[in-house]
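S.K.: Sharing the feature lines straight out of TrEMBL:
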type	residues	note
ACT_SITE	A:Lys78	active site, charge relay system
ACT_SITE	A:Ser159	active site, charge relay system
ACT_SITE	A:Ser183	active site, acyl-ester intermediate
DOMAIN	A:25-470	domain 'Amidase'
Amino acid sequence: MSELTHLTLAQARDRLVKGETSAVELTRAHIAQVEAKRHLNAFITETPERALAEAEASDARRRQGTAGAMEGLPIGIKDLFCTEGVRTTAASKILDGFVPPYESTVSGNLKTAGAISLGKLNLDEFAMGSSNKTSAFGPAINPWTRRSDPAAKLVPGGSSGGSAAAVAARMVLGATGTDTGGSIRQPAAFCGITGIKPTYGRCSRYGIVAFASSLDQAGPMARTVRDCAIMLGAMAGFDPKDSTSVNLKVPDFEAALTGDIRGLKVGIPREYRPDGLSAEISEVWEKGIAWLKEAGAEPVEINLPHTKYALPTYYIVAPAEASSNLARYDGLRFGQRVPGKSLDEMYAKSRAAGFGPEVRRRILIGTYVLSAGYYDAYYAKAQKVRRLIAEDFRKAFETVDVILTPTAPSPAFGLDENTDDPVTMWLNDVFTIPTSLAGLPGLSLPAGLSSDGLPLGLQLIGRPFDEETVFKVAGVMESAAGFDVSPEGV
Amino acid sequence: MAYLIEGETGTWEIVIGLEVHAQVISNAKLFSGAATTFGAEPNSQVSFVDAGFPGMLPVINAVCVSQAVRTGLGLKAKINLTSVFARKNYFYADLPQGYQISQYDKPIVGEGELILDLADGSTRTVGIERLHLEQDAGKSIHDMHPTKSFIDLNRSGVALMEIVSKPDLRSPEEAGLYLTKLRSILRYLGTCDGNMQEGSMRCDANVSVRPVGSTELRTRCEIKNVNSIRFVQQAIEYEARRHVEVYESGGEIRQETRLFDSGRVETRSMRSKEHAHDYRYFPDPDLLPLVIEQAFVDEIKAGLPELPDEKKARFMAEYGLNAYDAGVLVAEKISAEFFETVAKGRDPKLACNWVMGDFFAALNASGKTIEEPPVTAANLGAMIDLITDGTLSGRLAKDVFALMVETGKAPGVLVEERGLKQVTDTGAIEAAIDAVIAANPDKVQQVRDGKTTLLGWFVGQVMKATQGKANPALVNELLAKKVQG
């Protein structure tokens, strides 16, 4: 393993600026690591030749003095982002053979900023899952293992599990993720890295295979808060091609990392301390509160009374939108087609063959909750509750500047665990879903290790479009946590 | 006169509501930048958005919004400053996204009205329930291959306005008048070309019947996609009679969608029960609610043209036309303009008679459109000037008009060339009259004995003798003197 893969994204950038390394060197080192860590199944599609060609072009740009903010930095792209000329699968068989003739705005922005993509990263099928096990390409594996049982394979979380595993295993300096109910934050926590779901509307959804349009949001996953700040700056921005993207100037997120959080009020929601919350999670949360206090911030107990309704609300809204968004996968214009004697039979056969069980489950739930006679009881009511949840946060942010919670109720679990009942799996996102429903920015950063040696994450939630405060507080916590451990063998 | 159906058990009336899909005139589609030209090569006007590719997102076309508002204002309707796009979910091969983006419970335009111009010159107001914007689907072509269907997505995503009437129509004739008037308004506004053959205006008719005197609304059937006004009328007529027969034989009408077969002039059930659709409408999460400013609406309102109803009222007030004539003239903006050019500075009633009479007859006979009229408005006006100044008699004018149609020449030129000038020289006319009297002493006697109706015969003979050029008024006057003594 090269020393180059141990740099953070910011360190690598600084070395490139000083001319101490080149994009080609960095890219080669990371491609070697991708090959060395193939057993983690983090990539669905590797594009080393493309990456090296891009790296050469990047070095040329730097020589000409036209380097972008992410110039020459090797990254990975979650395989939910359409990439022009590069197979895009959404980890589903139904998109078999689909090579988009267009580039998603976010991956395009990163390209424009000079980033080098090493390929497309594994995920749960259509981003539906919290373990990466629903991928049609087999699950990505968490590079972390339990001290008590190093042989047991653990999940990297989901849906952006490939992204988290690749960043944690030093295959890339950063990766794009998408987050609908926790799909950036939970895998970041499971893999001991940092990831932020920005405010809904901060990043364009154009060219991202849609799961639940009112919740989907792209964000960066990297090893440090600063890395995420740099990368989000390159990803974000108004896009006239996405009607829900917001026309706001993208701030200099890196500049927000002042280290000064004196006088900031940090909300500690009572509802995030349910009965049966593991002691380890409780402890790491207390530690986080203590770090913030030490740095001069003021913890404030707050109430988010509708929190308990968030999970059921999410599991109505998200599948409803998904059932409609996924109707276009009909085998007619792209992807897998299974012939049938009639149009309906062709639909049924193509979709049955193309979609995995979790996707089918959610399409069925979504179809049900939108059906005549059930719409008011489910979808309409869920939308009302969603507004109440957002209102909880709005009120809380009248008195606090940021909210601190655990990211997930447990550390990474085993590949063969949590398989009996889909609801157990869904509970993984209990702390991240309210933020998604409210459209707020949420960042997860590693705060320590469990007794069994697995990373635990804490989540910081901010006001709409106030990622800067989130980054600032996260930066302080990161320094206090001093999380400098790597998974075995990395 | 009400349109009623005499059944065996009593008299029935028809209740009709129409849903018109009017294709918005715009260069680009409702949610994509693809072009909308009719008749282009199949699948040549399709963006990735229209084809429902992964990750593609709709972006509203502001032109279509302004056209919908314009149409709403033309229908004197309430404009909703906030409206919501919803997805109507169903699977079909020519619906690439698996849903149609439409508006459901929050349309852009609310209640309005449309005035029917009835044949007797009276009017009747029909309520408009709503107007909403939606995407069109693509086109499935089933007859090009024995087992395959071909799909043309050119139309996929094109903006439509669905204009829904209240169930206020009571006869096939009224339905026809409604469609004619609506088309006229849309064309005046420039928001839809109203071409039913090309499918840019399509009509679904909701039909039910009820015993005369009843106010109930019975189960209706929807007849889909009828593509001419005549067919709409035939479909309604057939469907209403079918309902009466079903009820009178003790049956029940099932709410269903039916198709009109123009060859057999009948409707038949289109969807079986197992395909009953639950469209699962819900607000499209890719689009924010459509919010428009009152100022935007006001600006469109300020730029509205004079519409048929106002123009008709003005024609009646300004030109003294009757309601029927005014109604016919304003039906098409261009015919109204033609009339106004002819009438300008002239006797408007004379102008109206010529436009409505000989001109429209010639237009029909020529097979031309009024855009390329058989006689220009300027020439027709000049001809009327020749009548007014006495150069042409009405009779001569008809000949000149026919020659204008034939040659396209100006009336002045034709009068010169053919010597068609009216004779007002009393001496020449007297001579002709004297000759006729001399040749027909017996008939002169009959007139003098009281058979004055024979005078008309004398007029005819004199006109004949002067090749029709004699001023008819002079002929009458002189004849009366000479024959009757």
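Just so you know, glycine gets a Cβ as well, placed from its N, Cα and C.
For the listed features, I'd like the structural context: burial, neighbours, distances.
M.R.: Secondary structure from DSSP puts A:Lys78 (active site, charge relay system) in a beta strand. For A:Lys78 (active site, charge relay system), the same-chain residues 6+ apart in sequence whose C-beta sits under 8 angstroms from its C-beta are A:Lys120, A:Leu121, A:Leu123, A:Ser160, A:Gly162, A:Ser163, A:Ala175, A:Thr176, A:Gly177, A:Thr178.
Its own atom aside, the Cβ of A:Ser159 (active site, charge relay system) has 35 Cβ atoms within 10 angstroms in the protein chains shown.
Annotation note: A:Ser183 (active site, acyl-ester intermediate) sits in a coil segment as assigned by DSSP. Around A:Ser183 (active site, acyl-ester intermediate), the same-chain residues at least 6 positions away in sequence with a Cβ under 8 Å from its Cβ are A:Leu123, A:Asp124, A:Ala127, A:Ser130, A:Gly158, A:Ser159, A:Ser160, A:Gly177.
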